[in-house]
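What follows is a set of notes on a single structure, which appears directly below.
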């Protein structure tokens, strides 16, 4: 993978990721397509309407259903999903912990039971890479030991040592496979303990294609999260992309960009959309509320998304109240457009050396009202 750092503005960065299936401008927000699709959207929505170049799918879910060998036999995840941009796949470790009963953490991996049928499985560093090779992921994440917060210092230390060990094992295994189109990212752990974060970086070998800051948005405060990012990001190689996993709000994303983060994913835009919360530059609105029943204006004036160019708030209000499936599609298209435009505009501001003023103006308006 080739990563070109094009510009910086203080610590904020703009770059280009050259992947096997697409060139991706950073900062980038990756819509979450856990099961190989973004909920309520298809590949045409993702590629042609949203213009997404990189989306996230999940190893745990694709492994359990339909099975990575099924996907491989059908031509890999891109052909299977008919999405010809790029895929990043998470290792599935988080889902193994969070969705399964009787999870057992071992030195060689994670033993878990399927949330679908109760069958028993073992994820090892090599196993999760083999699954991702079968999917033909453009970016693969290593298996890591994620800790919920707050956590005792001893547990954090165990987590970072195990995560670093698994990451380094994954790197050696990946080198043996000689698959340059499948890029491998390491994950830095350590909770909000800054010394543990430094130790995690120090224990993780160089040579990965990118580095992720994991283990955040799992119970810590916003200030703790930002302090952790501010400490960790400068420790990572400058010539590699930096990925903040599972975070988050528009404010979180702009704060993290200002601290040197390049890549983001979160279910928030689509999950909020399905639950009637829509993003606008003046804050969030709840489309289920009564005032929108007769509102003939778009979700946001001057928004170029598919929904705003065609439909009114009144129509979206009606679809939500009627529990029509079309509502989820239109609302998700709007919210994802908002997120993708946010990082696009942030990138342009970095290129033009005006990121801090862009961020300030955006947040002043965004936080002015939510209704």
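Please read every residue number as a count from 1 along the shown chain.
Cβ atoms are placed via backbone N, Cα and C, with glycine included.
Feature annotations, reproduced from Swiss-Prot:
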ACT_SITE  90  active site, nucleophile
ACT_SITE  90  active site, proton acceptor
ACT_SITE  265  active site, nucleophile
BINDING   90, 91, 92, 93, 94, 144, 189, 215  substrate binding site
BINDING   303, 305, 308, 334  Zn(2+) binding site
REGION    246-252  region 'RNA binding'
REGION    270-274  region 'RNA binding'
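There are 27 other Cβ atoms within 10 Å of the Cβ belonging to residue 93 (substrate binding site). Using DSSP to sort the residues of the region 'RNA binding' (246-252) gives these counts of helix, strand and coil: 3 helix, 0 strand, 4 coil.
In the three-state DSSP assignment, the secondary structure recorded for residue 144 (substrate binding site) is coil.
The shortest Cα-Cα distance between residue 94 (substrate binding site) and any of the recorded positions 265, 305, 308 is the one to 265. Residue pair residue 189 (substrate binding site) / residue 305 (Zn(2+) binding site) shows a Cα separation of 37 Å.
Cα-Cα distance from residue 303 (Zn(2+) binding site) to residue 91 (substrate binding site): 35 Å (rounded to the nearest whole number). Of 90, 144, 215, 305, 334, all annotated as recorded positions, the residue with the shortest Cα distance to residue 265 (active site, nucleophile) is 90.
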